[in-house]
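Encoded as structure tokens, the structure appears first; notes follow it.
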Amino acid sequence: MPRVFSGIQPTGAPHIGNYFGAMQNYVTLGEQFGKNSLYCVVDLHAITNPAASDPRELAGRTFDMAVANFAAGLDPAKVVFFAQSHVPEHQELSWVFTCLTPVGELERMTQYKDKAAQYESVPSGLLMYPVLMAADILLYKADTVPVGDDQTQHIELTREIARKFNHHYGETFPEPKAVYSQGAVRVPGVDGHGKMSKSKGEASTIGILEPLGSIWQKLRAAPTDPQRVRRTDPGNPEVCLIFDYHKLFSDLDTIQLVDVGCRTAGIGCVDCKKKLMEGVTAHLEPLQERAEGLRADPDYVRDALRQGAQEARAIAAPIMDEVRHKVGFLKL
Ligand code: ATP
Ligand code: MG
């Protein structure tokens, strides 16, 4: 049976890119593979980002990320859901992989280059990020990784690290494959500047737990087809991020209606955004109500994380023993 692993960083509030790109697949694969699917709030990864490392906020964001995933339909009793720092074996395996990975391979990672460009002093943890990610996945010998396509390069490196370990120390790890969601591999930011990202801040994101009034303010201000200056100008939905969002939130009839309406100037951008907001509300309102219920029961969330960490460690322990033995560490 396949084993599934994926991680999400508590670097900010989860957004519709995380939701459609990854979290929905967690739920689908979780229903298929039960306790063979592991999902992790990767707080060790989060502290590679100096802006998201405030110790007064990290624990709360980790908790909120669990709430968001449970509200989105992931049942912690059916899958393994935990926080990365509660399973120290992630760091132990990461070190072994660090010693197998050339610095040059890490320096050419696109995500590293993009993120490092934002800092004057780059934490070396940021360079090691993909090695830790390889350890996250391979610690459970997972072969199936639901992610957005911004992680393609990191999954390829994970496969390389698995190959290298197997070559040096004997056949041990599978070469995992990414699984992408249909139609949401890279959701654009609502500010119109590239991928929606938690770390780019609130201006880029539509949070799945964000108040609906605040979401509407962002949609209202969002850029549309720049060629469509007047209401009477025909527009091109293919270059409009509002149309991208319609494909995520609206039913087929609405998508067709705004598609034709935009091309023929039959619908204005504000009305098109209002139609989108109807889909957003229908989708997110029940999810937000479930999140409220979960926040009111923090013991449930904490117990679920405690239980998840125990289940994860039970899977990781024999694999880590095998690694220690193969690497040649003295066993007493
Ligand atoms: P950060 O800016 O801190 O890196 P992020 O928004 O990129 O945060 P991550 O926690 O890094 O979110 O990623 C969690 C999952 O969400 C990953 O599987 C990632 O591929 C996916 N993901 C992130 N952003 C998008 C997006 N805009 N579209 C589709 N999937 C996305
Ligand atoms: Mg990211």
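Glycine is treated like the rest: Cβ placed from N, Cα and C.
According to TrEMBL, Gln9, Pro10, Thr11, Gly17, Asn18, Gly148, Asp149, Asp150, Lys195, Met196, Ser197, Lys198, Ser199 bind ATP; the candidate from Val27, Val187 that the record adds to this site is Val187. For the ATP site, whose annotated binding residues are Gln9, Pro10, Thr11, Gly17, Asn18, Gly148, Asp149, Asp150, Val187, Lys195, Met196, Ser197, Lys198, Ser199, the maximal Cα to Cα separation is 19 Å. With a cut-off of 8 Å between CB atoms and residues at least 6 apart in sequence, the same chain places His15, Ile16, Gly17, Phe20, Gly21, Gly148, Lys195, Met196, Asp244, Tyr245, Leu248 near Val187 (ATP binding site), listed in sequence order. Thr11 (ATP binding site) sits 17 Å from Asp136 (L-tryptophan binding site), taking the C-alpha atoms as the reference points. Considering only the binding-site residues Gln9, Asn18, Asp149, Lys198, Asp136 (L-tryptophan binding site) has Gln9 as its nearest partner by CA-CA distance. Reduced to three states, the DSSP call for Thr11 (ATP binding site) is coil. Considering other CB atoms within 10 Å as the measure, the emptiest surroundings among the binding-site residues Asp136, Asp149 are those of Asp149. Take the CB of Lys198 (ATP binding site) and look out to 10 A: across all protein chains shown you find 24 other CB atoms.
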